[in-house]
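Here is what TrEMBL records for this protein:
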REGION    1-55  region 'Disordered'
TRANSMEM  63-89  transmembrane segment
DOMAIN    66-558  domain 'Major facilitator superfamily (MFS) profile'
TRANSMEM  101-118  transmembrane segment
TRANSMEM  130-150  transmembrane segment
TRANSMEM  156-181  transmembrane segment
TRANSMEM  188-207  transmembrane segment
TRANSMEM  219-238  transmembrane segment
TRANSMEM  259-278  transmembrane segment
TRANSMEM  284-308  transmembrane segment
TRANSMEM  328-348  transmembrane segment
TRANSMEM  368-387  transmembrane segment
TRANSMEM  394-414  transmembrane segment
TRANSMEM  462-484  transmembrane segment
REGION    561-613  region 'Disordered'
COMPBIAS  588-597  compositional bias 'Basic and acidic residues'
């Protein structure tokens, strides 16, 4: 009893003697802030932040308007990548040259891949809204240059500028969703965003064919201007959630250090050399030529130098070693690399298979791929709801990648006599696999990184996605051409492979059909079918690799915004853990923390102070 009275008296006196927070700030000497640690945990701990408070998210109506705008951007970007497929013949006729055909796509991919990691820095250090609008405007400028191009070279320059703008749009959309939407809504929204990207990729050839046939190839680029203009106006009047830039003022030295300009100057040429080697190898130059070998050696040396520089540049690096050193982050990057490698191979070669083996028009070949995207969009909605409820993305990534592997294997068995039941069923399996897995890597990364690292982490994952697609489509093109040459030797030995490749599949087949040589026509069809079907082996290999790599995501759980508000905050306050700014949460329990030593080993004077008599 006496002990209870003494404790009650002690706590009463404490309430009278402990100063208010304002008095404490005025009377206490300032203490040096504790800097955040530089190890992986300092970046990937789920520490509480004001950006994670539920009242900091957008309310439903502005959020829906923003999401609609982001969906338009996703469709526009991916449609722009695929719309040229049906417009290139008219473009080459207009400029009277076929020398730059490869550059119409390569110029976009080169600038897009090289700049993408740097865009994460821009979103980290500057306003989300105005950074995103800047990239929209830059993409629109590139589209305008393409639309008014007076030469093939001008068109290539416009594609390069559009690639610079596009480098910050799709990853910017995922970053904005990660900040504006509550955690329990992100899986479905992120999946829908990726599905809209798939819709754009599907719609590209359809829209491009219609515009080129009934208007002009220039409308393939003019159409981007109203879409981007609407997005600019809508985003300009939406109040974004708080997401403060890290610095209010800048110097040239700050820009060079914080934006890792030196790292970028090493990284960009490495990407360019690798993509050029894949673009030219086996087509423009032989793989054993001095040019290709020089590009590959230069690329390898540049990547080694870049890795060393990034390691020593610490957390200010463009691709921080402490970030990608986290198992969930690097596993997600590898997974999305192979996922999109497999996806883009199907996206390019399934329409070609329909045009060659089924004599479909460019428009109908796009229509025939609807089962993939229909199944993908439906599954994304279901998977988003399930991930939101269960909270674990890894099982969905594993099952989805496994289904993509199965579908790739099945598609490699397609022949010219395959019925609709086969190619529709195989595509549905592929679409279900995509829908289950495609959004999970980004979800996992955004679940484990701190709020102020979401932009950098998301940009790195999106770079892996873009780079994986660019590399895998380059490898697939090389494999396809070599397989076609080999198949023609056995199935149509009288056909010159170089003439067939230069003329294009449908034009050459049309000439053979008009000649009436049915045996030769059948041989060429079988050779084309074999080359395309065997190219799907590469897609299957990518899907298998994604099954293995996504296991590294582990038991990462997506917390609801209620849990993010209460559980981590209480736990960190109890343990005295640092938040994202490096400040230490002081223990709040006076009875249990009496005379607790502080971080420097001294005794907290307020908790050990005896009552005055």
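A Cβ is built for glycine as well, from the same backbone N, Cα and C atoms used for every other residue.
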Average pLDDT across the domain 'Major facilitator superfamily (MFS) profile' (66-558)?
83
When counting Cβ pairs under 8 Å to the transmembrane segment (259-278), the leader among 101-118, 188-207, 219-238, 328-348:
101-118
Which listed range (101-118, 219-238, 328-348, 394-414, 462-484) shows the maximal number of Cβ pairs under 8 Å with respect to the transmembrane segment (63-89)?
219-238
Contact between the transmembrane segment (188-207) and the transmembrane segment (394-414) (at least 3 Cβ pairs under 8 Å, separation 6+):
no
In the same chain, which residue numbers or ranges, 6 or more beyond the ends of the transmembrane segment (101-118), come under 8 angstroms Cβ to Cβ?
80-81, 84, 88, 91-92, 155-157, 159-164, 166-168, 171, 259-260, 264, 267-268, 271-272, 275-276, 279, 283-284, 318-319, 459-460, 462-463, 466-467, 470
Can you tell me which of 130-150, 156-181, 394-414 gets the most C-beta pairs within less than 8 Å of the transmembrane segment (219-238)?
130-150
